[in-house]
């Protein structure tokens, strides 16, 4: 793909979205002052970030659970490197929740004190690939891919926002002992959502009543989120970032195994070979179909 410099800003080997980030912010990320009770949602793009923002917003904010406060999830758990709404992060009340796509080596040094918590959400990369393909076709701030085949090559070359998927997840996993981090699988959460919410609450040391857990589970389903203007990003993508067509949405399907409808057998097998070569020493569990055990 041509003109990638129009969309990507590369800093220390990592691709940021060029129009949403300022170089002075990027250069000072590692020196940003972290609070002991900060929480970071870390993901590779298209891996369940918005879902996790909604889950943590529901866990932490009673006004979000009982719908008495009309605050968007992007303002409750803003993107650390992409301050789209120009919030003053230093004045945010504790505990602060941040979302981020950055790799382990660019995060604030204070996260290595192991007091602030990191929730790393990961998703099977074939579904990430297909979700990213559709998202790039929708959003004006991303290069518009021609075909799944051409985008698959771009994705596997790491010439996308977020850089190479393998480097991102492997880097975080191999350096997990440097941080207070928990890895969560998008697919596991889909299979047993309530248990996953309880696991997240335990990691965050956040006690909720059974009734509150029920409220989190009920409101963080994909269908409920899609209908919730606080969480569906519709206003943000259409009015603030811009789309190529009116039909698309930020929250598209959120299903497991959608890749089967888009990748040919040959593409899938080529992807598998690259996956196994890169991930053979990473014991994280991956689910490629929702019917898998």
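For all residues, glycine too, the Cβ spot is worked out from N, Cα and C.
Given the structure is predicted, the values throughout are model-derived calculations rather than measurements.
The C-beta environment of residue 101 (active site, proton acceptor), restricted to residues of the same chain at least 6 apart in sequence and closer than 8 Å, consists of 42, 43, 44, 45, 49, 79, 81, 161, 162, 168. According to its DSSP assignment, residue 101 (active site, proton acceptor) is coil. What Swiss-Prot records for 101 is active site, proton acceptor, and it gives similarity to another entry as the kind of evidence.
All protein chains considered, the CB of residue 49 (3'-phosphoadenylyl sulfate binding site) has 21 other CB atoms within 10 Å. DSSP assigns residue 49 (3'-phosphoadenylyl sulfate binding site) to a helix in the three-state reduction. Look at Swiss-Prot and you will find 46-51, 123, 131, 220-225, 252-254 tagged as 3'-phosphoadenylyl sulfate binding site.
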Same-chain residues at least 6 apart in sequence whose Cβ lies under 8 Å from residue 123 (3'-phosphoadenylyl sulfate binding site): 44, 46, 47, 48, 185, 186, 187
Assigned conformation of residue 224 (3'-phosphoadenylyl sulfate binding site) - DSSP reduced to three states: helix
Candidate with sparsest Cβ neighbourhood (10 Å radius) among 46, 224, the listed binding-site residues: 224
